[in-house]
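Trainee: Pulled these from Swiss-Prot:
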- 549-558: compositional bias 'Polar residues' (COMPBIAS)
- 559-570: compositional bias 'Low complexity' (COMPBIAS)
- 582-601: compositional bias 'Basic and acidic residues' (COMPBIAS)
- N96: N-linked glycosylation site (CARBOHYD)
- N121: N-linked glycosylation site (CARBOHYD)
- N189: N-linked glycosylation site (CARBOHYD)
- N212: N-linked glycosylation site (CARBOHYD)
- N217: N-linked glycosylation site (CARBOHYD)
- N656: N-linked glycosylation site (CARBOHYD)
- N768: N-linked glycosylation site (CARBOHYD)
- N796: N-linked glycosylation site (CARBOHYD)
- N811: N-linked glycosylation site (CARBOHYD)
- N866: N-linked glycosylation site (CARBOHYD)
- N937: N-linked glycosylation site (CARBOHYD)
- 528-610: region 'Disordered' (REGION)
- 1-15: topological domain 'Cytoplasmic' (TOPO_DOM)
- 37-359: topological domain 'Vacuolar' (TOPO_DOM)
- 381-392: topological domain 'Cytoplasmic' (TOPO_DOM)
- 413-428: topological domain 'Vacuolar' (TOPO_DOM)
- 450-461: topological domain 'Cytoplasmic' (TOPO_DOM)
- 483-496: topological domain 'Vacuolar' (TOPO_DOM)
- 518-627: topological domain 'Cytoplasmic' (TOPO_DOM)
- 649-668: topological domain 'Vacuolar' (TOPO_DOM)
- 714-976: topological domain 'Vacuolar' (TOPO_DOM)
- 16-36: transmembrane segment (TRANSMEM)
- 360-380: transmembrane segment (TRANSMEM)
- 393-412: transmembrane segment (TRANSMEM)
- 429-449: transmembrane segment (TRANSMEM)
- 462-482: transmembrane segment (TRANSMEM)
- 497-517: transmembrane segment (TRANSMEM)
- 628-648: transmembrane segment (TRANSMEM)
- 669-689: transmembrane segment (TRANSMEM)
- 693-713: transmembrane segment (TRANSMEM)
Amino acid sequence: MKLKSVFRSVLKYRKTNLSLLLLITYSIITLLYIFDHERYKLNLPKEDEHPEFNDLLETAWGDLQIITASFHPYTSKENDKVHDYLLKRVLEITGNSSFASVSDDKESERSILFQQQDPFNESSRFSRVTYFESSNILVKLEGKNPEEEGLLLSAHFDSVPTGYGATDDGMGVVSLLANLKYHIKHRPNRTLIFNFNNNEEFGLLGASTYFNHSWSNLTKYVINLEGTGAGGKAVLFRTSDTSTAKIYQQSVKENPFGNSIYQQGFYSRYVRSETDYKIYEENGMRGWDVAFYKPRNLYHTIKDSIQYTSKASLWHMLHTSLQLSAYVASNSLDTADQMPACYFDFIGLKFFVISAKTLFYWNCIFLLVSPVVAIGLYLISRDRMTWKSHSWLSWTRFPLSLAAGIIVQKLFSNDIIRSNPLTFSRNYFWPISAFFTQVIFTSYVLINCSNFFFPCADMKSLSIIELFIILWTILLFTSKLLYSSDYRYTGLYPLSIFFLLSTIAAILRLLALALGMRTRKRLGRECRDHHSNYSSHSQIDMERDGQENLEQPQDQFTSSQDDQASIQDDNVSTTSAGPSHNVDEDHGMDSSSQQHDERVPLLKGSNSMEEGLSTRENSLKLEYTDYAWIIQFLLIVPIPSFILFNSVDVIMDALNHTVQEGSKATFDVLRFGMVGSILMALPILPFFYKVNYITISLTALLFLISASKTLLVHPFTNSNPLKVRFSQNIDLSQGNAASVHVLGREGNFLKPMLQDLPSIKYSSTHINCTSVTNGMELCMYDGMQPNLLSTNGNTNISSMAKVHVLHNNRNSTERSPYEPIVAELLLDVKENRACTLTFESRHQAKSPVREITVYQKKNSAPQKTNITKTIKSASGINELQLHKLDFDQETYHIGVQWFPKLLTDGNLEDDKLGTKDELSVSISCYWGEYDSESVVNGTAVRKIPAFDELINYAPLSFSFTNEQKGLVIVKDAIIL
């Protein structure tokens, strides 16, 4: 009996049990979170257990060390060294394989001229034409069944000028080498193409060039390996559809990691990055974008190096891609379901997939069926007189307390914006914790205050039913979003899971009421009618929250008394119904005077209830013990809390550093934090009003700590630095001054840092800082001259880039006024790989340029003759981007054709000055090497000393990246 008594005591709905269960729940969630984030580090292959995998990892790590020895952007000579190393490794791996072929774009001098929308800004209406000379390395492994649609594996080997490219994208490249080595030993069934591509960073150009290769016709599927962060785990960033998501599910059995929340966030442009996957997808391929995604404040900086990553991260990407490629290469694929997919993993152990369209259909079923069932059960309970009527004060306290919590949260967010808007960049846990504790603490205070003055003995059940109504409304809204987005809002699935579990809990309560015994209820009402002169507390409903009327034989009566007595001390109410009595939710009775026997009158001082009971009822013990609350708790709290916490963590982990990219991103992150914390609070709100004083005290303490950390702690540290963008601009039309541009977030961060630089501090150099769009600040000052070239004389920066007009017939008398104007330019640019020409007419709203010609010098052509590539555009061309491989080729030869104003608007007007058809051409050329030296007059000097100074003297709470495709930009302008 004692064991039974203890068991019943543990299951009682009381403060201690509830608080303990909450503690256990959140402890388990914390342990699962830690397990999820640390487990992959312990799964490295061991030489004695998996010798082949261990060899692949060790070889890949060695390759990564060599590739990331220096910065290697497309605009650098080191880029060629990486290309040559990869080509050597590819030839070593393929050897004399009978089914392997290698193609080197650099050797074949492959180039493309094509019109391209800005891949990093889909809203841009700027018409761009790009000329690109490729050095992609492609490998073809012909499959045993070459008629099957092939698989492309792709990664880019260029880095940005300011990063070593360990994760972006060195790990992807060496993972491709490992995959190549594996599939050489295990010949695939379908044909595999490996694309080690170049110049992803400045236009996704290597991927674009792939479709100029004949092998592109062999592939239908793609695995793209990328790095948009700087380590951690490689996530399934996005995938084409439900079929490809299920292929990932079937193939990646060990450490799967993916979430369609990332996919929705990426397509919604909350992340200002793009990968080669975009190009492959636009060209009709289906597949998987696997990428590192955090931390973004180290992404594209000097800390994207092998020192800041690990073998565990490399193995996670390598093993994921290997599992996926091996499955696709060797199995028939079911690719019928091409609807967008909702998917997620459970702590790296299990991967779940559902079609977004199927989820929408289930949402519709839930939305239709759940209110019908709920209303039906309500009507049954009303008809059977088991429904307990409640005042409007009881019904409104839960939603009003939630609304009050949201208002308090909004007020606190205003304080964050005023005092520390970038706090999310350092640690998003503290603001999320502050928002979360505000909501639950406010709800606790308001509900218990209202219960003090207007007691409600069924608060939990009312709250669960109202939570069901709130979630029904939310699900209706999100389902509409899912439908209107053509099922691309794939990150909304957590709300469907939450709604389903909460609905089950609410319906269980309604079902208990509908099936409950009526006799007790009727007699209780009769007694209340006979004793209406008693105090107001006697009108309280005698059933406690969630109680069931259970008939038990008389021989259990004594044990029931013992059970009740054993827990008497804990059966007090969460609130008092006045100074003289307490309402006990567990019993629905005045606990100060109750006896643990059903024969005691339900109304204080009255024996009429006992007199009114029938002989049968007198022989039965009706036990008012609520054990159903545990089922409700387990349905509503643990699983939804874990899923919602994980979803919020996924969002914040990917976006928290984007607050450095502008005020819009800051408000987005703040909004996600607020909404996410509300969703995290919803599962526990129906229960939280009943926690004990220790729990609520800890909640208040956690809020105070979180609020102080959020508002008072500096947002940037050595490990979480502020990322600043650098460029040095030399405008030859304005002189030779080398103006340094430093771009970063507003907030008095940049100028104090710059004022402490030696070249500024000791020369009184003026720093001009101005606010630019989107909450960013641009600081400019005259910096030290760059040394881009080795020379034996004085460096003349104006000799770095010159423009020669070879031909221009604008003012030719032989040209008809209706005839397009033609000009030829020769750009003389030394040791350069990238330039941009921008076209503008002062007299025409749109660019009048309709045709661009690029004259190439082909080394393989007879006597290195020129070969032309021409592109036309009826809508006009605003910009021409030029990318060439040969540093020794010092010229770009360009032809431009544009329409006179007469052709574009048909207005024949006098042009006495002869300027209406003028075309302004702005030229910008880029140099991206800084971690190297030039020899000037026999002395070794650093190429970009202004950038070196920032790296050497700025506090460690700053990190630096390039503002444009080069660190030094030489500009000029002419009028044609």
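Cβ coordinates come from backbone N, Cα and C, glycine included.
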Trainee: Does the transmembrane segment (393-412) make contact with the transmembrane segment (669-689) through 3 or more Cβ pairs under 8 Å, each pair 6 or more apart in sequence?
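Mentor: Contact between the transmembrane segment (669-689) and the transmembrane segment (393-412): present, because at least 3 Cβ pairs are under 8 Å.
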Trainee: In Å, rounded, how far does the Cα of N768 (N-linked glycosylation site) sit from the Cα of N656 (N-linked glycosylation site)?
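Mentor: That comes out at 29 Å between the alpha carbons.
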Trainee: Count the CB pairs under 8 A between the transmembrane segment (693-713) and each of 16-36, 360-380, 429-449, 497-517, 628-648, then give me the winner.
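Mentor: The stretch with the most contacts is 429-449.
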Trainee: Counting only pairs at least 6 apart in sequence, do the transmembrane segment (16-36) and the transmembrane segment (429-449) share 3+ Cβ pairs under 8 Å?
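Mentor: They do not touch: fewer than three Cβ pairs between the two stretches lie under 8 Å.
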Trainee: Can you grab the distance from N217 (N-linked glycosylation site) over to N121 (N-linked glycosylation site)? Cα atoms, rounded to a whole Å.
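Mentor: For N217 (N-linked glycosylation site) versus N121 (N-linked glycosylation site), the Cα atoms are 28 Å apart.
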Trainee: At a C-beta cut-off of under 8 Å, are there same-chain residues at least 6 beyond the transmembrane segment (462-482) that contact it? List them, or none.
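Mentor: Same-chain residues near the transmembrane segment (462-482) but 6 or more away: 356, 359-360, 363-364, 366-367, 370-371, 374, 390, 394-395, 398-399, 402, 456, 489, 492, 495-496, 498-499, 502-503, 505-506, 509-510, 632, 636, 682, 685-687, 689.
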Trainee: List the Cα distance (Å, whole number) between N656 (N-linked glycosylation site) and N121 (N-linked glycosylation site).
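Mentor: Cα-Cα distance, N656 (N-linked glycosylation site) to N121 (N-linked glycosylation site): 21 Å.
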Trainee: Could you check the glycosylation sites N96, N121, N217, N656, N811 and say which one's CB has the most other CB atoms within 10 Å?
Mentor: N656
Trainee: Including all protein chains displayed, how many Cβ atoms other than that of N796 (N-linked glycosylation site) lie within 10 Å of its Cβ?
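Mentor: Excluding its own Cβ, the number within 10 Å is 10.
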Trainee: Determine, to the nearest whole angstrom, how far the Cα atom of N96 (N-linked glycosylation site) is from the Cα atom of N811 (N-linked glycosylation site).
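Mentor: Checking the Cα atoms of N96 (N-linked glycosylation site) and N811 (N-linked glycosylation site) gives a distance of 62 Å.
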Trainee: State the residues, same chain only, that lie 6 or more residues beyond the ends of the transmembrane segment (429-449) and have a CB under 8 A from a CB inside it; answer 'none' if no residue qualifies.
Mentor: 397-398, 400-402, 404-406, 408-409, 412-413, 416, 423, 459, 574-575, 648, 652, 670, 673-674, 676-678, 680-681, 684-685, 688-689, 691, 696, 699-700, 702-703, 705-707, 709-710, 713
Trainee: Could you tell me which three-state DSSP class N217 (N-linked glycosylation site) falls into?
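Mentor: Helix, per DSSP.
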